[in-house]
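Encoded as structure tokens, the structure appears first; notes follow it.
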Amino acid sequence: MCEVNSGAFIKGAYFSVLKYPCPPNLNIWWNMGSMLFVTLGIQILSGLMLSMNYTADSTLATSSMNYILRDANYGWALRSTHMAGASLFFALIYIHVGRGVYYGSYMKMPHVWYSGVTLYLLSMGVGFLGYVLPWGVMSYWGLTVISNMMTVFPGGARALEWFQGGFSISTLTLKRVFVLHFLLPFVILGMSMVHVILLHNKGSSNPLGLDTTELVVPFHPYYTSKDLVGFVFMLVGLTALALTFPKITADPLQWQAINKMKTPAVIKPEWYFLYAYAILRSVPHKAGGLALMFAAILGIALLPTLAKWSKTQSMKISPIGEALFFVWVANFVFLGIIGSQEPAGAWILAGQVGTFVHLFCMLSIPIVNKKWEDLVFSEDSDRDYSFLGV
């Protein structure tokens, strides 16, 4: 009986993982999910090996980092790979999210979209915690800025004191940051499994947003071979970034010893958080800036609700929505530039404009697409649109 059940389980797993039906017209932008999975594995493995030589102590953290870079066997390579992997991971996330918005994946699979938003929030938390661990100038002051946001909420002062382990940031704070940074990637790994299971249960969307139920191909070998090509290019890019440009995204202040008596002129996070940081600083009020930042990050979770009456998915049939999407992407880059500047003068006004454009485009895209569909279908109501799945 056990042999029969195990055989059925293996066969079911084989068909669920490798032979599940996929649309035949998926393009290169559908490779990002599998590349994210591989990058996550690299980050977990390199992080585990780095943790063997890291000391979560405010007086020893910098020394342990120097030991990893100079004395540990291939420690410099592990450190560079972990840094470059974090940048690559978030670059792939943003491309993955952009693809989902452009091709309307959130319409067909809202539960997959919600699990993806959860993964993004967890990844942001892990990325920030990892930025703190080197315990340089930016680590300390970045943690100071972000942790003080807790005081906006009722009981936040008490929560901040508990998180810090006292009235100020100390070794206890660093230990808690290290433990969270160590454990959360495994939560992300488990949530990624849920994300994939939900995707396989519903089936992938496709660039045209058409119903391809009657026209599918198996995932293996059609898309496994395509993913392998993507893995090669991704690993080449990661190797080049880690071994040739290891500090391209690092702030020089991150390598300096902490001086608690001197605040840097510009406190900024890594590049993948700059857009959110620019929005946070766009309002000269702690609670208002925090509310706008979370609205900008979590606004993508509203897209399935805003687009639930849409008949089509892909933005290819909506030129106005497509234009808004590219404005949204360009504004994302613009906010990143603003977030790296000192919050003074024209940069504050630019951040406010960028924040408005970000929220406006994000919330307007599904509404504009719906209006365009109404116009198209009303002019040609006699045609059969059953191939769209409506």
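Residue positions begin at 1 at the first shown residue.
Backbone N, Cα and C define each Cβ position, glycine as well.
Per TrEMBL, the feature domain 'Cytochrome b/b6 N-terminal region profile' maps to 1-208. Sequence annotations record features per position, and here TrEMBL assigns transmembrane segment to 35-56, 76-97, 112-133, 139-157, 178-198, 228-245, 289-307, 319-338, 344-368. Residues or ranges marked as domain 'Cytochrome b/b6 C-terminal region profile' in TrEMBL: 209-380.
Relative to the transmembrane segment (228-245), the listed stretch 76-97 leads the set 35-56, 76-97, 112-133, 178-198, 319-338 in CB pairs under 8 A.
Mean model confidence of the domain 'Cytochrome b/b6 N-terminal region profile' (1-208) amounts to 89 (pLDDT, 0 to 100 scale).
Cβ atoms under 8 Å from those of the transmembrane segment (139-157) belong to residues 128, 131-133, 163-164, 169, 173, 177, 254, 258, 260, 263-264, 267-269, 286-287, 290 of the same chain, restricted to positions at least 6 beyond its ends.
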